[in-house]
């Protein structure tokens, strides 16, 4: 499991598209708050490996490439810890 506080510190870049509290204001960008931790890890690793296509995949591949495995685990832990409704 990742470090929630370390993930929070790294999340500023993510917030530009996915919202400050993990709730996106832009319909084409998914909410990250409340997502399952293992799903987020798998998704980021797939982007990093170039295994996801379509939509915003080129943007996410660029973002994920800059992340270490520890960064991915920490970001996933942070977003999984947030309430899915954006409250709290």
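Glycine is no exception: its Cβ is also placed from the backbone N, Cα and C atoms.
What Swiss-Prot records for this protein:
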type	residues	note
BINDING	14, 17, 18, 60	heme c binding site
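For the heme c site, the Cβ centre of 14, 17, 18, 60 serves as reference, and the other residues of the chain with Cβ at most 8 Å from it are 13, 15, 16, 24, 29, 32, 59, 63.
Just so you know, the Cβ of residue 60 (heme c binding site) picks up 18 other Cβ atoms within 10 Å once every protein chain is counted.
Every protein chain shown contributes to the tally, and the Cβ of residue 17 (heme c binding site) ends up with 17 other Cβ atoms within 10 Å.
Cβ neighbours within 10 Å of residue 18 (heme c binding site), excluding its own Cβ and spanning all shown chains: 20. Here heme c is bound by 14, 17, 18, 60 per the record. The longest Cα to Cα distance in that group is 12 Å. Annotation for residue 14 (heme c binding site): spatial neighbours 32, 63, 75, 79, criterion Cβ-Cβ under 8 Å with sequence separation of six or more.
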